[in-house]
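Annotated features in TrEMBL:
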ACT_SITE  K147  active site, for sulfotransferase activity
BINDING   K147, G148, G149, T150, R151, R228, S236, K353, G354, R355, T356, H357  3'-phosphoadenylyl sulfate binding site
COMPBIAS  123-133  compositional bias 'Low complexity'
DISULFID  C336-C348  disulfide bond
DOMAIN    138-373  domain 'Sulfotransferase'
REGION    97-133  region 'Disordered'
Amino acid sequence: MGQLLSGSRSCLDVPGRLLPHPPPPPPPVRRKLALLFAMLCIWLYMFLYSCASSCAAAPGLLLLGSGSRAAHAPPALASAPDGTPLRLPFQAAPATPLTAGKETAEGAASQEEQSPEAPDSPSPISSFFSGSGSKQLPQAIIIGVKKGGTRALLEFLRVHPDVRAVGAEPHFFDRSYHKGLAWYRDLMPRTLDGQITMEKTPSYFVTREAPARISAMSKDTKLIVVVRDPVTRAISDYTQTLSKRPDIPTFESLTFKNRTTGVIDTSWSAIQIGIYAKHLEHWLRHFPIGQMLFVSGERLISDPAGELGRVQDFLGLKRIITDKHFYFNKTKGFPCLKKAEGSSKPHCLGKTKGRTHPEIDREVVQRLRAFYRPFNLKFYQMTGHDFGWD
């Protein structure tokens with residue numbers, strides 16, 4: 001037995017025979033499937049990441065109609081970057097019924113500006129590509145005027161492949177300047193080389209600090225102002241407020257300080273905004289007139305392609321937006337896009353646009369036209385363009 005054990009090889013001498021053999025290499029098909037699965041996972045991760053980025057910081061992908069943005073945290077700083085102290089709340093004097101009505105009207109209008117209509121959702125493709133490029137401060141801003149046609153102009157411009165714009169109004173240079181340029185830049189959509197970043201906030205035109213603040217950001221910023229017959233604009237402004245607060249005083253009572261004497265109340269914002277020449281003077285202290293483009297709100301309705309041609313030339317863009325992009329909606333009374341950004345379907349501005357105006361006393365309208373006439377003539381001279389309101 002001992003010889004047999006010593007003469008023969010024991011299983012302990014060949015441990016390799018009892019160990020499992022290494023698995024055979026996977027066939028080429030398995031390797032290819034594994035590689036394909038890994039690539040799919042990476043692509044899905046990138047897709048979800050870009051979608052999250054675009055939803056959080058690029059409201060410019062919204063379709064026609066005003067965009068919406070969640071309320072930002074209250075400011076923590078006590079002064080603006082330019083050293084301007086922030087205004088603190090104060091105790092107002094008791095209001096008369098008429099002034100209370102005007103304050104109510106102003107509050108309702110401000111509320112609508114801060115709570116614009118909810119937009120449609122962006123297309124998945126637009127959301128995916130929004131993750132590319134980088135965020136830049138705007139090179140062009142639509143600075144005014146309220147109820148002039150700024151929303152229509154912005155949405156028409158967003159059809160252009162070289163224009164990227166924020167959907168909601170940032171209100172940086174009038175309400176949020178203390179938050180800083182980094183905060184402002186983060187609101188902008190991502191752009192590629194050759195694309196223009198834009199935003200629109202109509203209240204900039206009537207904000208005294210806005211010209212200096214925009215100039216401090218960049219003296220080369222191009223400014224666009226959409227203007228409209230100031231009488232029609234005032235009635236449209238009042239109509240918007242009336243839709244929110246039906247209990248406000250009549251347009252006629254808000255227009256005059258004293259209707260018997262016929263003195264116009266220029267402290268009412270609906271009237272004040274239409275004194276375009278007065279507001280333009282502040283802008284010309286910081287920007288040359290050649291750096292500003294004045295778009296006719298009336299022509300934006302009657303000839304949208306013509307006005308968009310002027311805007312594209314002003315921005316240095318190729319004339320891509322033409323007549324073929326528009327059709328006239330008889331129900332709403334203004335042009336709509338045949339194909340909106342990120343969509344293959346026709347789209348008009350939202351339900352808050354094109355409201356029916358209330359009937360206004362003819363005598364009040366005539367008095368307003370007489371009031372605005374000298375300001376309009378001065379505005380024509382300053383801009384070198386007769387808008388034909390008189």
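Glycine is no exception: its Cβ is also placed from the backbone N, Cα and C atoms.
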Of the recorded positions listed here (K147, G149, S236, T356), which is spatially closest to C336 (disulfide bond) when Cα positions are compared?
G149
Considering only the recorded positions K147, G149, S236, which residue has the minimal Cα-Cα separation from C348 (disulfide bond)?
G149
Binding-site residues (S236, T356), the one with most neighbouring Cβ atoms at 10 Å
S236
To see if you understand the setup: which same-chain residues, six or more apart in sequence, place their Cβ under 8 Å from that of the residue listed as 'active site, for sulfotransferase activity'?
P202, R228, R233, S236, D237, Q240
Any idea what the model's mean pLDDT is for the domain 'Sulfotransferase' (138-373)?
94
G149 (3'-phosphoadenylyl sulfate binding site) has how many other Cβ neighbours within 10 Å of its own Cβ?
28
